[in-house]
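Reading through the structure tokens given below for one structure.
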Amino acid sequence: MAREESLKSDGNSAVTSSTNKITIAFFAATLVLWFGSVIFEIVFNKRVELVYVVAGCFFYQMANLAVRFAVSKDPLVINTSVSLIHSTICSISVVSILLNQLASKSFEEVFDHSQLFGGTWAGAYTALCFSCGYFAYDQWDMLQYHLYSGFIPSILVHHFLLLICFTLALYRNVTINYLILTLICELHSIFLHVRKLRRMAGVRDAKNKIVKMEWVLSWMTFFLARLGSHILITAKLISDANKFGKGVELPLALFGMVGMNLLNIFLGLDLLKACKREIKNSQQQYHRD
């Protein structure tokens, strides 16, 4: 019986190893093809502005090395720390871009369809390139250290789709401002990464004032910067549907936003469970003490 269980275990390990190799091979191949495409555009099509995509890749890889040297050698801690750096930089960039526009134009002018679809706000193209570089770096880091789970990991699929959407927009120079608006959700991502690092550091008491404040800010930014902003973007796409041409931009944008809204709902439910769990664990710890 023990031998039979051992054989089953060995068989499951072999299957897991095989599927993991397929996953790595597929996503690594798509990443290499993506990077080759970007280099081709820069070198042969003289799209010098796309160099910020490569700069983003290298910047976050350097941040990775800095965290590894100064903070921790744990791949998950490093990956989460770099993700926090990206969320912070991206949030500051997006908010600055929007405030700069609203300071010089009316609300209606800033969010007019012609601006969102065909225009490019000052700094928006560079910010999108830099974030594109981050998602490529993060994809590679997760593949390198196996920071994912499942045969078709949702996080790798998420990054894969984002790279396609962002890169196509950058190549064609359309919907840049729409994509910048979707990145407002990075304000909420800051608190997701802070929570993850906080828990890895062993701080899990829901009655701690800092933890309470973190949860308050996390819920506020979830409803305003993530759920609310993505619903408004979806509503804007639907209301301006007749202003789009006959290309694939509208179907792709709507498909992407429906996917994002669904992911936001699932994320909200996961957050609610996590919040309840932390409160329950803290109460049990209090009673034990």
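Sequential numbering from 1, following the chain as shown.
Yeah, the Cβs are placed from backbone N, Cα and C, and that goes for glycine too.
TrEMBL lists 72-280 with the feature domain 'TLC'. TrEMBL lists 21-44, 50-71, 83-103, 115-136, 148-170, 176-194, 215-238, 250-272 with the feature transmembrane segment.
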Okay, the transmembrane segment (115-136) and the transmembrane segment (176-194): do they have at least three CB pairs under 8 Å, pairs separated by 6 or more?
yes
Long-range neighbours of the transmembrane segment (115-136), counting only residues six or more past its ends (CB under 8 A):
31, 34-35, 49-50, 52-60, 86, 89-90, 93-94, 96-98, 100-101, 109, 159, 162-163, 166-167, 169-170, 173-181, 183, 236, 240, 243-244, 249
Compute the average pLDDT of the predicted model within the domain 'TLC' (72-280).
94
